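Peer 1: My questions will all concern the structure given below.
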Amino acid sequence: MPDLPPVPEAVAAGERPTLRVAALYPELLNIYADRGNLLMLERRCAWRGIGFALTRTTIGDELDPDGHDLLYLGGGQDRDQRLCAEDLVSTKRDAVHAHAARGGAVLAVCGGYQLLGHRYALDATTALPGVGLLDLHTERGEGRLIGNVAIEVELPGAGDPGERRVLAGFENHGGRTILADAQPPLGRVLSGHGNTGASGAEGARRGNVIGTYLHGPLLPKNAWFADWLIATALELPPGSLAPLDDALEDAAHAGARRAAGV
Ligand SMILES: NC(=O)CC[C@H](N)C(=O)O
């Protein structure tokens, strides 16, 4: 663990921001160690003197539409997604939409990503409902799309204007996600499968709502993106966070890119 950087002046003076995160269904939507994404956020906040408040929200729980800066959903097996899908739609749909409508951030990985669309069709007769936060739907395809993956993304404030940055990770999904014409992807596939294995598109983004197939876990392998997410969720200018000693994180990113051949 690197040494803690100096506490920023505003934090020392008592203006301690706190990143408030709600993890949705953390015990059901957590494959490929997706909970590592939460640890990454917690550590990078702590190293900067930023508070971190985690709420675990599961089946039957109400979700406070104004209580969180970031909603997080990990990936899951079809059978666990089924439980979550029904609850998400019946108990939390309005709160999720209200959160997004006021600019709250959402990160959803794989199974969680699929549930942000309109539906996930498991076969010709069965479909799991989605909350419709992203304009897309998912259909189970022949075989699974598995392997290391790298995509290039352009996010407001992440690097110079127009700069494309790389996210690297690992994907394993049976679902193929089809974006509506007006729904932009998160990024362009450099290596791997992405949403369908053929479209060249990966993930989806609507403002601060992001869905992606990238496990990894995603954030430990892409520290720059973790910081973008923290800043965006806290409504701070991206790039304004105190720099950290990222020697290990940079090595993890380089390793993930190498694995994907990029
Ligand atoms: N890795 C995942 O989250 C898998 C999501 C979903 N069960 C699928 O196979 O498409």
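Backbone N, Cα and C atoms are what each Cβ position is placed from, and that goes for glycine too.
Relevant sequence annotations retrieved from TrEMBL are reproduced here:
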type: DOMAIN; residues: 20-222; note: domain 'CobB/CobQ-like glutamine amidotransferase'
type: ACT_SITE; residues: Cys110; note: active site, nucleophile
type: BINDING; residues: Arg144; note: substrate binding site
type: ACT_SITE; residues: His215; note: active site
Peer 1: Let me spell it out: for each of the recorded positions (Arg144, His215), count the other Cβ atoms within 10 Å of that residue's Cβ, using every protein chain shown. Which one has the most?
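Peer 2: Per the Cβ count within 10 Å, the most buried is His215.
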Peer 1: Under a three-state reading of DSSP, tell me whether the residue listed as 'active site, nucleophile' is helix, strand or coil.
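Peer 2: Going by the DSSP assignment, the residue listed as 'active site, nucleophile' belongs to neither helix nor strand, so it counts as coil.
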Peer 1: Can you tell me whether DSSP puts the residue listed as 'substrate binding site' in helix, strand or coil?
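Peer 2: Once the DSSP labels are grouped into three classes, the residue listed as 'substrate binding site' ends up as strand.
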Peer 1: Enumerate same-chain residues with a sequence separation of six or more from Cys110 (active site, nucleophile) and a Cβ-Cβ distance below 8 A; give 'none' if the list is empty.
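Peer 2: Result: Ile31, Asp34, Gly74, Gly75, Gly76, Glu171, Asn172, His173, Thr212, Tyr213, Leu214, His215.
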Peer 1: So what pLDDT does the domain 'CobB/CobQ-like glutamine amidotransferase' (20-222) average out to?
Peer 2: 97
